[in-house]
Amino acid sequence: MTIDCHEDRRVLLVPHTGRPQNVASAALAAELLDDSGVGVRVLVPAEDTTVATHPVLGQFERVSHSPQATQSVDLVLVLGGDGTFLRAADLAHGADLPVLGINLGHVGFLAEWEKDSLDEAVRRVTKGSFRIEERMTLDVSVYDSNGTAIGRGWALNEVSIENSNRSGVLDATLEIDSRPVSSFGCDGIIVSTPTGSTAYAFSAGGPVLWPELDAILVVPNNAHALFTKPLVVSPRSSVAVESHPSAFPATAVMDGFRSISVPPGARVEVKRGSRSIKWVRLDDIPFTDRLVTKLRLPVEGWRGPKNMIPQINPHSA
């Protein structure tokens, strides 16, 4: 995969500017791209003056979070944590652009490499030395009690159906492939992709799914019932959550920042997304190694198969 070789190649740089060291990393990335003849456009919140006044970043085009931000862009480069990546993915998904994450945060499960390898990552981008991995998404539709569509959205990680005020119990019925599974009270129901299985669904007791697996994960969150185990269903399945007519108003929250109101008696339908995310990969390190590294899992004493050559990734923390 390469960035299209036209004269006005351009990368949308999406930095988390909350820390001085992050701004310095963004400036470095912008300079490296510019020196390689790649145009730079910087995404910044409207209230953020850090970029505009920065001696390096202030020289580049600045845009806000809108569909226009990705016009004439070839790739989205994210510098930050998982939250920054998910917001950048919102733009990349709408424009069908590849997205690359460099972790400047703590865990950074969605990032490809760590900040210490930023210069090499940018070099790979400018040379086209990367491949694209298609990551599954979810399409979300909300219908009122009369069956009228009242909202649609999508998620890369998960959609969480939960009480709007988070102070009561969500009374709901879970449905798989147009058949009822169970009715119960809970804090919420999480429907996740394999990519999102290490996020909110994992914290709620769900299993980790390897990202190359095609499946949909359903995790009841703090449910008050006997049968509330996580479910792994076919990627072709439809998952629905019906709110009880006398229930409190609820909300379908997608990736933690996009939301749709779910009134009493409403229905939330979740299916495999019609468009995947184009995930930039810079190496072939197994997901198992990423999992161990990110979660700092203890593996002392492991010897491994005979004659196995260990894989070492110098670009991951």
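Just so you know, glycine gets a Cβ as well, placed from its N, Cα and C.
What Swiss-Prot says about this protein:
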- Asp82: active site, proton acceptor (ACT_SITE)
- Asp82, Gly83, Arg87, Asn157, Glu158, Asp187, Thr198, Ala199, Tyr200, Ala201, Phe202, Ser203: NAD(+) binding site (BINDING)
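In the three-state DSSP scheme, Tyr200 (NAD(+) binding site) is classed as helix.
Here the C-alpha separation of Phe202 (NAD(+) binding site) and Asp82 (active site, proton acceptor) works out to 15 Å. Classification of Asp82 (active site, proton acceptor) by DSSP places it within a helix. Between the two most distant C-alpha atoms of the annotated NAD(+) binders (Asp82, Gly83, Arg87, Asn157, Glu158, Asp187, Thr198, Ala199, Tyr200, Ala201, Phe202, Ser203) there are 25 Å. A simple Cβ count within 10 Å picks out one of the recorded positions Asp82, Glu158 as the most packed, and that one is Glu158.
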